[in-house]
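According to TrEMBL, the features are:
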{"type": "DOMAIN", "residues": "8-116", "note": "domain 'BART'"}
{"type": "COMPBIAS", "residues": "127-149", "note": "compositional bias 'Acidic residues'"}
{"type": "REGION", "residues": "127-155", "note": "region 'Disordered'"}
Amino acid sequence: MDPSTMEFLDKLELFFSNPEFTTALHEFFTKNISDIEFKPIEEEQPLKNHDLYAQYTELVEKQLEAFMSEEGLSTQEVYGACQKALSYGETPWLMCLDYLLASTEYESFMELAYDHACMLGIGEAEDGEEGLPLEDEEHGANGEPDEDVDKSVIT
């Protein structure tokens, strides 16, 4: 990755790790996490989840606007540099990319929300596995045991 892109990403990461953003992010998820219904992504998603995704996107956009103003950058330049970084695959340590990706892709938002739910002790899977809960023969859409399932027929 070229040095100018790396320098830009370092600045972006520093900006997104400042207390103003991290506090806003923490407050957003603390306030709203109990309203998010975690369902397998291939299923129809609750409207409330989409509303919260829109609110999260607005939160990130406001923060990003401040950064772009400070740096004299356009939206296209920021997203272009982020796409370039993602294409290299050398940046898994950059949280700023996760935050930005979650503001542009619903599935990434739900993964970030689930991570926050687990950190807050709300969304951990029973078996300790990470990831969104999945519906199967013994578990409902929320990952909890399905009481309507006759477990004697499951072998």
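Just so you know, glycine gets a Cβ as well, placed from its N, Cα and C.
Here the domain 'BART' (8-116) is broken down by DSSP into helix, strand and coil counts: 86 helix, 0 strand, 23 coil. In the predicted model, the domain 'BART' (8-116) shows an average pLDDT of 90.
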